[in-house]
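Going by Swiss-Prot, these are the annotated features:
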{"type": "DOMAIN", "residues": "99-288", "note": "domain 'ABC transmembrane type-1'"}
{"type": "TRANSMEM", "residues": "33-53", "note": "transmembrane segment"}
{"type": "TRANSMEM", "residues": "103-123", "note": "transmembrane segment"}
{"type": "TRANSMEM", "residues": "131-151", "note": "transmembrane segment"}
{"type": "TRANSMEM", "residues": "152-172", "note": "transmembrane segment"}
{"type": "TRANSMEM", "residues": "202-222", "note": "transmembrane segment"}
{"type": "TRANSMEM", "residues": "225-245", "note": "transmembrane segment"}
{"type": "TRANSMEM", "residues": "267-287", "note": "transmembrane segment"}
Amino acid sequence: MNAMHNAPASDPSLVYPSPLKEFWQSFAHNKGALGGLLFMLLIVFCALFAPWVAPYDPSEQFRDFLLTPPSWLEGGQARFLLGTDELGRDLLSRLIHGARLSLLIGLSSVVISLIPGILLGLLAGFSPNRAGPLIMRLMDIMLALPSLLLAVAIVAILGPGLINTVIAIAIVSLPAYVRLTRAAVMTELNRDYVTASRLAGAGTLRLMFVCVLPNCMAPLIVQATLSFSSAILDAAALGFLGLGVQPPTPEWGTMLASARDYIERAWWVVSLPGLTILLSVLAINLMGDGLRDALDPKLKNAA
């Protein structure tokens, strides 16, 4: 009799997966997101271990091998897999070391814009009649300007360089986090659990950071992923315009700028950095789509 009562409890069909396992199953179901994750893991590995992965120092010049084509083309050298640039520097080594800066800029700008964006969004959501309108009008003004133009203006004021590039991209990304956080907060404030917390005597800070904010993180995680790809793209654009990281530091946008005069007779010095930017941004966007599908209950149920 006891065995009959205990049988349903041991039925595997009644055992629910953990939230992490359920998230991974939903994310891995999206083949594009999984491919993007694998590509980004490769980029991160190369960036972290660049001194050991790269065949040469990114600034080392081989004067006898200027604009050498990739190894599979006529005139290529096996020692230079992706060829060399106009100064005889190994292109593969510069791309690998350039990944470090691109990932650093993307991660730093996301963190710098995410934290104040969440705080301002919470303040705007909890103060809809006072601070909220002022914050949102300021965000509307920032959104009215093209993001790249605003970033160029900020860097032009602060001066070119790595830190100023990160600051400019972070400022440009700020309105998206503020608006998204405020919208999520306004939705959550009408939930029963928030009302129950108020009646239980929870203060404003507890409501903000303990009750409401954890339930707003799913869209913010997706937005942070998409902003990461936008930051890499903006950093490359600023570097191409000469306002980002300055030569001879290897950075994908700067590599494009220095090689644009050789596009007709040495296509690889322009195409390969551009292709690296394209694939990295595409991989991160695919990851963002997978995260959105895995974290959004509506999309998960629809699937």
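Just so it is clear, glycine is given a Cβ too, placed from its N, Cα and C backbone atoms.
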Applying the under-8 angstroms CB criterion, which one of 33-53, 103-123, 202-222, 225-245, 267-287 scores highest with the transmembrane segment (152-172)?
225-245
Do the transmembrane segment (33-53) and the transmembrane segment (225-245) share at least 3 Cβ pairs closer than 8 Å, excluding pairs fewer than 6 residues apart in sequence?
no
Looking only at residues six or more beyond either end of the transmembrane segment (202-222), which have a C-beta under 8 A from one in the stretch?
114, 118, 122, 125-126, 177, 180-181, 184-185, 188-189, 191, 193-194, 288, 291-292, 295-296
As a test: from 103-123, 225-245, 267-287, pick the stretch that has the greatest number of Cβ pairs under 8 Å with the transmembrane segment (131-151).
225-245
Are there residues at least 6 beyond the ends of the transmembrane segment (267-287) whose Cβ is under 8 Å from a Cβ of it, and what are they?
30, 32-33, 35-37, 39-40, 43, 67, 69-70, 82-83, 85-86, 91, 95, 98-99, 102, 225-226, 228-229, 232-233, 236, 252-253, 255-256, 259-260
